Amino acid sequence: MIEIKDVSKDFAGKKRAIDSLNLTIPDGKIVGFLGPNGAGKSTTIKMMTGILPIDDGSITLNGHDIEKQPLQAKKIFGYVPDQPDMFLRLRGIEYLNFIGDIFDIPVDIRKEQIETLTETFNIHDALGDYIQTYSHGMRQKIIVTGVLLHDPDIWILDEPLTGLDPKSAYMLKEMMREHANKGNTVFFSSHGLEVVEQLCDEVAIIHNGKLLFYGTLDEMRKTYQSDQSLEHVFLELTNDE
Amino acid sequence: MSKTWIVMKNMLKIHYSRAGNNNSQIILLSIAGIFLFPFLFFYLGLINNAVSGLYELLEPFGQSSVIIGLLFLLLTALLFIISFVLVISSFYFAEDINSFIPLPIQPYQILLGKATVPLLYLYVTTFAIYFPVLFYFGSNSNASIVYYLLGIILFVFLPFIPFVLAAIFVMFIMRFVNIAKNKDRSKVLGGIFVLLMIILLNVVVRLNANPDEMMENFAQFIQEKDGLLQMITAAYPPALIGSKALTVAGWESLLYFLLMISISIGFIFLFIIVGQKLYLGGVLGINVGNKKNISSERLHKKLRKHPVWLSYLQKELRIIFRTPTFFMQCVVQSLFGPIFLVIILMMDSNFNSLSGTLDQFSYKQQILILFAATLFILSANATGISSISREGKSWHTNLFLPLDLKQVFLSKIAAGWTINLVSILLIAIGLIVVLDISWLLFSLWLALSFVASWFTSLMGTYLDFSHPKLHWTDEQEVFKARLIGFLALLFEFVPLGIIVVIIWNTPFVQGGIVTFVLLLLLMFIATALVHYLLQKKISNKDYQKII
Ligand SMILES: Nc1ncnc2c1ncn2[C@@H]1O[C@H](COP(=O)(O)OP(=O)(O)OP(=O)(O)O)[C@@H](O)[C@H]1O
Ligand SMILES: [Mg+2]
């Protein structure tokens, strides 16, 4: 469970990036995080993961405050950033071993997990190459593999499906479903409304740093008295005029 | 032409762009300025003395023109050597070229754009050396306004010839090594090769300088006016032409002046023509290569369990050794200094043994000398001062992974310490083989070096943490156009250097062991102090604020 309480964030010389955001993401659900470009999705996620300082308010992950108990909190989530360009000068296998060391995963579990996961994502043959030679989608897959390797309770994914081929996207969606069904938390941002409609139990819509809506898709249709598509509601909600 | 201008402007912008932190940069610049200001007067005074002294000595023989000749020669030699390093880094290590390739511009325009940054450095160097000599010579010889005018215009053309010579040389070599598939490796090889060439050049010049023969010629050349000038510039005619433009009278000087300018412009065209042929073919298609299929068994062998600090240290070292720019800056260039020094020392002693050179000093002084020299070499290492900045846009990985930030910093400092081992090993070889010092002195020196190495890596990391450059698009930016190298010397070497001078002159500190203990104690105190400061920044969560 992720609890975001009264969180605000300012960037120097700009209008509020996040404005007293309140959001509780329950266990056992897939929650989609929607909003136009620059709405504050990545900023929120970066505060959840301890990358950016929180100006006001607090965020807890399964009861661990990300600012007060960063190490405990960071051990229980896996994060896939929107830019997968990291550790480029390491080979895929070295990156995964590095993650294994950080999360203290026994070697035999590493072997087994890496074998199955990379076969699933079809990047097994590239494990010996530098990540720099990977395509965008392959870089994303190696990071997702790293996350799955340490099997965290909470998944936080920033636009995880952008750049994945249909089969890999399908696999990842299946995995997200499975993970939530086991009673864990999955939180991801996306611009793909169909994906959200098809996959998410609940959606959160953010615009100009403010939460506009949080709830299930049915509730959304009820609230806005619309039997139209999510696309329609989304465009209406985030319309500035 | 206007497009060329745009390309050049953008190259400069990329090179000098800084995101945020302007105030602290200004403060740092001011600190640097305050420290450098007294040096400026000292420097100008030194040049004034040298020029007037030489002038009084040479003028009676009608040989004063040799001063300008020497200026041209030495300046050209210096610019030539600097150009090597600058051309390599700008032409082959900076990868900003990829953003220019798709634009509708000619290869030569990209080439000229690439030349902008190195030329800028050359002009700064030229400015600092050429103008003081020019003006002091002018005032000593009561030169006319024409002298100053021509002198100032010549300034613009001075860097061209050495730059073009160096650039063509480097492009030839790079073309040659670039046949290999692995561009990363060939870039590093080319870089090392060129550095070796600089050393070799130095050796050749020194071997050819035969003092006896020179004295003989000297007597002969001094008979005629400007004879000395002709003698020293025999190997490099542009220096003769440039000097004549400034020292002969009337129309003749204008003739030499025009000749000098035409030659310089000719060299620019040469650069464009040769560059168009050699350059783009050599840099295009930068790929890292090294694709190989590894069998499952071999993959599994790579899966091993390490403690986090070791795993992190490994990661740091891998990145440094596999990134050509990092490897050149952090490893190769830090070796260049010691090697260069040892070779010059050996040449000067005509390969006679230097063993016992240190014996003329007391034990205390020997330790102080070795300590200061080692500290200086370690302070010049770029690993510490790039600890944080090397991460660039991946710095956030240190924050979302469950890493103890204190451990991250310790591992980074350890990476700097490990790389310093190479320098220390090199110095150790020099001490044992060349200087032949005693084992006791050697052990004391080694102990001090290990502590000093930790201190410089720590201080470098702390400085980099205070003013990191994370928003780079090209690895070069981590090292260039930043004050940090200078600050590192200022904070790592200067305070302890001053202390060394004080101890040297303090009569009641006697004997090697006492000096050693004193230095060790000082290093421990300094290290503890910086660790404390670093810890304060970590507790303050500054690592989140630098993003
Ligand atoms: N490092 C930063 N410095 C200053 N402003 C920033 C920074 N990062 C984000 N912002 C600003 O914060 C706001 C929210 O940005 P954020 O990246 O969270 O948007 P987003 O919802 O993820 O958009 P996208 O869909 O394009 O990924 C934007 O107005 C952006 O300009
Ligand atoms: Mg985003």
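Backbone N, Cα and C atoms are what each Cβ position is placed from, and that goes for glycine too.
In TrEMBL this protein carries:
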| type | residues | note |
| --- | --- | --- |
| TRANSMEM | B:26-46 | transmembrane segment |
| TRANSMEM | B:66-94 | transmembrane segment |
| TRANSMEM | B:115-139 | transmembrane segment |
| TRANSMEM | B:145-176 | transmembrane segment |
| TRANSMEM | B:188-207 | transmembrane segment |
| TRANSMEM | B:254-274 | transmembrane segment |
| TRANSMEM | B:326-347 | transmembrane segment |
| TRANSMEM | B:367-388 | transmembrane segment |
| TRANSMEM | B:409-433 | transmembrane segment |
| TRANSMEM | B:439-463 | transmembrane segment |
| TRANSMEM | B:483-504 | transmembrane segment |
| TRANSMEM | B:510-534 | transmembrane segment |
At least three Cβ pairs under 8 Å linking the transmembrane segment (B:254-274) and the transmembrane segment (B:145-176), pairs spaced 6 or more in sequence?
-> yes
Close approaches to the transmembrane segment (B:145-176) from elsewhere in its chain (Cβ under 8 angstroms; 6 or more beyond its ends) = 72, 75-77, 79-81, 83-84, 87-88, 91-92, 115, 118-119, 122-123, 126-127, 130-131, 134-135, 138, 186-187, 190, 193-194, 197, 238, 242, 245-246, 253-254, 257, 260-261, 263-265, 267-268, 270-271, 274-275, 278-279, 281-283
Tell me, please, if the transmembrane segment (B:188-207) and the transmembrane segment (B:483-504) are in contact, taking contact as 3+ Cβ pairs under 8 Å between residues separated by 6 or more positions?
-> no
Please indicate, using numbers and ranges, the residues of the same chain that are 6 or more beyond the transmembrane segment (B:367-388) and have a C-beta under 8 Å from a C-beta there.
-> 320, 326, 329-330, 333-334, 337-338, 358, 361, 395, 409, 412-413, 415-416, 419-420, 423-424, 427, 431, 437, 441, 444-445, 448-449, 452-453, 456-461, 463-465, 468, 470, 478-479, 484-485, 487-489, 492-493, 496-497, 500, 503-504, 512, 515-516, 519, 546
For the transmembrane segment (B:66-94), could you work out the same-chain residues 6 or more beyond its ends whose Cβ comes under 8 Å from its Cβ atoms?
-> 51, 54-55, 58, 114-115, 117-118, 121-122, 125-126, 129-130, 133-134, 137, 158-159, 161-163, 165-167, 169-171, 174, 187, 190-191, 194-195, 197-198, 201, 226, 228-229, 232-233, 236, 238-240, 242-243, 246-247, 279, 282-283, 324-325, 328, 474-476, 480
So which of B:26-46, B:439-463, B:483-504 has the most C-beta pairs under 8 Å when paired with the transmembrane segment (B:510-534)?
-> B:439-463
For the transmembrane segment (B:26-46), sequence-distant contacts whose Cβ falls under 8 Å of one of its Cβ atoms, 6 or more beyond its ends = 132, 467, 483, 486-487, 490
